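Look at Swiss-Prot and you will find 1-44 tagged as region 'Transcription activation (acidic)'. If you look up Swiss-Prot, you'll see 92-363 marked as region 'Interaction with HIPK1'. Taken from Swiss-Prot, the feature region 'Required for interaction with ZNF385A' covers 92-293, and the record attributes it to similarity to another entry. As annotated by Swiss-Prot, region 'Required for interaction with FBXO42' applies to 105-229. Taken from Swiss-Prot, the feature region 'Interaction with AXIN1' applies to 108-285. Taken from Swiss-Prot, the feature N6-acetyllysine covers K112, K298, K314, K366, K374, K375, and the record attributes it to similarity to another entry. Per Swiss-Prot, the feature region 'Interaction with E4F1' maps to 249-287; the stated evidence is similarity to another entry. The region 'Interaction with DNA' annotation in Swiss-Prot covers 266-273 and rests on similarity to another entry. Residues annotated as region 'Disordered' in Swiss-Prot: 275-318, 342-386. Swiss-Prot lists K284, K285, K344, K350 with the feature ubiquitin cross-link, giving similarity to another entry as the kind of evidence. Annotation comment: Swiss-Prot describes 318-349 as region 'Oligomerization'. As annotated by Swiss-Prot, motif 'Nuclear export signal' applies to 332-343, with the evidence given as similarity to another entry. The region 'Interaction with USP7' annotation in Swiss-Prot covers 352-356 and is backed by similarity to another entry. Look at Swiss-Prot and you will find 361-380 tagged as region 'Basic (repression of DNA-binding)'.
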Amino acid sequence: MQEPPLELTIEPPLSQETFSELWNLLPENNVLSSELSSAMNELPLSEDVANWLDEAPDDASGMSAVPAPAAPAPATPAPAISWPLSSFVPSQKTYPGAYGFHLGFLQSGTAKSVTCTYSPPLNKLFCQLAKTCPVQLWVRSPPPPGTCVRAMAIYKKSEFMTEVVRRCPHHERCPDSSDGLAPPQHLIRVEGNLHAKYLDDRNTFRHSVVVPYEPPEVGSDCTTIHYNFMCNSSCMGGMNRRPIITIITLEDSNGKLLGRNSFEVRVCACPGRDRRTEEENFRKKGEPCPEPPPGSTKRALPPSTSSTPPQKKKPLDGEYFTLQIRGRERFEMFRELNEALELKDAQSGKEPGGSRAHSSHLKAKKGQSTSRHKKPMLKREGLDSD
């Protein structure tokens, strides 16, 4: 008797009956052994399930070859961006050297229209962003061939000297009209010189620009280099209102120092106004100011700028003077003026005794003058009556 064929198209694969048969094949410890492989092959499975079981070992072997992904590391907050610090602080002391190296600047006023101006008493250059700043190089004798000029910026205050001076992130990303030689993070650039080299020191991380030294042209006594400062002194993330000093050094082909000079730089929107303000503050600081007494909260007044000392008022003395006046009208005018002054002194209480005595003396004199004036009139009347 033949068994009726299984209707695989009607029963879904891995139905409840098939699952129960598989479950009964499992041992007590729920681990399949190699003896059950023949029984698994004799199970009545559909064609697609059989193909899936045949391909499963290959997929498992392929998956085992691929390393399992590592567990993701716990998320940590990203550290704040910090610029590298430099352990080397270049000297800013003036050193003329054997060639008498020193700097010079063009004379300019403090008008609002100026884009670059130099203050001799402050030794400070005020300029606008990316504007031409001519710096003159003076030497007594020509340096050897291969000499170069290096410009480097450092912070003026001691607490910031180890930080590298660089542009702010905003100006680094802004496109500028450079020749493509200068890196975007460099603050100082040289205008119109294709031989300029922008260097980043590997040890100190400081930025500098080096150009070959060129002797003065015919009819000129100095060499002029045009520098540009590509970030404002007030930019956040850059200088951040911290004053900087630009150091100009004269070096030979081997890097030996031949001369050094420096000056302070402020990059601002109105160089003339800022120079005028800082020079006025510098003059005020130079004048001696009286110190307030201890415990006093009032501000001391600035000293007077006049050269002549204030004259002290002399107290009124008790002397009397005789003044000869021609004409009675003029005499009466001076007399009233004198009486008014005496009355004012008496009311103010400066010298009450002296003023009273003086006023009584004036009244007595007035009575005498009146009597003297009337006596001749009486004599005249007597003569007329006679």
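Every residue gets a Cβ built from N, Cα and C, even glycine.
Feature map: Swiss-Prot annotations on the structure.
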{"residue": "K112", "record": "N6-acetyllysine", "CB count, 10 Å": "9"}
{"residue": "K284", "record": "ubiquitin cross-link", "CB count, 10 Å": "10"}
{"residue": "K285", "record": "ubiquitin cross-link", "CB count, 10 Å": "8"}
{"residue": "K344", "record": "ubiquitin cross-link", "CB count, 10 Å": "11"}
Ask   = Per DSSP, what is the residue tally for the region 'Interaction with E4F1' (249-287) in helix, strand and coil?
value = 16 helix, 14 strand, 9 coil
Secondary structure content, the motif 'Nuclear export signal' (332-343) (per DSSP, counts of residues) = 12 helix, 0 strand, 0 coil
Query = Among the recorded positions listed here (K112, K284, K285), which has the Cα closest to the Cα of K344 (ubiquitin cross-link)?
reply = K284
Request  = Could you tell me which three-state DSSP class K112 (N6-acetyllysine) falls into?
outcome  = coil
Message = I need the CA-to-CA distance for K112 (N6-acetyllysine) versus K284 (ubiquitin cross-link), whole Å please.
response = 23
Ask   = What does DSSP call K344 (ubiquitin cross-link) in the simple three-state scheme?
value = helix
Task = Grab the pLDDT values for the motif 'Nuclear export signal' (332-343) and give me their mean, rounded.
result = 89
